[in-house]
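Participant: Pulled from TrEMBL, these are the listed features:
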DOMAIN    48-143  domain 'Beta-hexosaminidase eukaryotic type N-terminal'
DISULFID  83-130  disulfide bond
DOMAIN    174-491  domain 'Glycoside hydrolase family 20 catalytic'
DISULFID  284-335  disulfide bond
ACT_SITE  330  active site, proton donor
DISULFID  509-526  disulfide bond
């Protein structure tokens, strides 16, 4: 028998990025590039996704049997059996590899010389951080060393797992690789969120940007202000995320090396907030009388800031990530302009009729409130565009597509860390293979110095919720988001759409096999459909 050894350069979260690479390759026809010249069938089944930075494989094959194979901690590893994240990952990927084998193969007792004995996982950092949370600074690089009998895996035509001799050295091009899901416009049941976290891990996404509340509904159940969801959710019992729900999402994500960054967008996009928090929103006027409608958060009342102080104090303890997304986009000034108290305040402050200054006044006070919780913050690009004074470590998200390159140049030119989502709004759908458009984006294609381009730490694929709920979110998101995943992980030179199509077709089948109802790219079928009948 033989042994497979993997060395992880830092913390255990590397395993969560490397294991899908190694074991996903193993499970579902994951052929590797290498010694396959003239073997069209094997070439058709090359399915590594996202493509690793460096790898080399041969066609030398060994057997892989659940009766003789195990995933173990290497003797040199700084992590051991008490590391729950690794133990969870070992169990999960063993099931991915062998869960669908036929009974006779699972029960095979005989061990052959060609059987692979074990996968040794070696954490090389002094502190494996088994109880910690993933972060922007996490080193996700990993190496797979081929010893004389070291191999990697694929499934042959007889249903048996085989393994090929392979060297892999891998690391992400960008540190922030996110998916935004909107649970306000349509409530997303917990099982849908967890399923998409599973799919994110399979595609090496590492940030769940949870746009949890918005104008239509407030499903987040606040301990401090329970009326927010009691009166602001679609339903106060069925369409809410309880504290235990939120904790489950965070822990499920942690086990897969995924950060959870919540977004509580203000002062706009807050209609649902007003249902449960009296006097938070600005009363709109029609002439000299209140119209009965409300606009953005009222920025002239001290009570608004008292509320935000208490609310974000809670949020900072519920969500462990170092960052909170504070929104700040699409503020409609018409209600503020109609309100006589607001107009009087504008004169007192010397703002004239420039209501972007009033927005900046509010945002600045909010940023100070959040900074006091020791959290960093992310904002949509309008906050930068309107000249709000930002802390140096603010992350600005560029989402407006018509002047994307100019905006990237301006934001990075001002020295701010940037993430890009403008070209990856997946809620816009069209006939045909629109994944190719997302795949062809080059995030650093804007005028700027090398130092500016280093400030772009990644991007996000966004699926806003106007037209998606539990019935169609997952197939609309996948495998279209997979195109973004490879763009953010793989080397800049990986741009061959034809090659990507062949791999993505198989990767989509792999997701379907694991219970993710990813939609097809085009005409064809998956080998595992209908159990091969």
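Just so it is clear, glycine is given a Cβ too, placed from its N, Cα and C backbone atoms.
Source: prediction; values computed, not measured.
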Participant: If you measure the residue listed as 'active site, proton donor' to residue 526 (disulfide bond) at Cα, how many Å is it?
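Facilitator: Rounded to the nearest whole number, the Cα-Cα distance is 43 Å.
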Participant: Could you give me three numbers for the domain 'Beta-hexosaminidase eukaryotic type N-terminal' (48-143), the DSSP helix, strand and coil residue counts?
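Facilitator: Counts, helix then strand then coil: 19 helix, 26 strand, 51 coil.
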Participant: Residue 83 (disulfide bond): which of the disulfide-bonded residues 284, 335, 509, 526 is the nearest Cα neighbour?
Facilitator: 509
Participant: Looking at the disulfide-bonded residues 284, 335, 509, 526, which has the shortest Cα distance to residue 130 (disulfide bond)?
Facilitator: 509
Participant: Distance check, please: Cα of residue 335 (disulfide bond) against Cα of residue 509 (disulfide bond), rounded to an integer number of angstrom.
Facilitator: 50
Participant: So what sits near residue 526 (disulfide bond) in its own chain, CB-to-CB under 8 Å and at least six residues off in sequence?
Facilitator: 508, 509, 512, 513
Participant: Using Cβ atoms only, which residues of the same chain lie under 8 Å from residue 284 (disulfide bond) while being at least 6 residues apart in sequence?
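Facilitator: Non-local contacts for residue 284 (disulfide bond): 290, 291, 292, 293, 294, 295, 334, 335, 338, 339.
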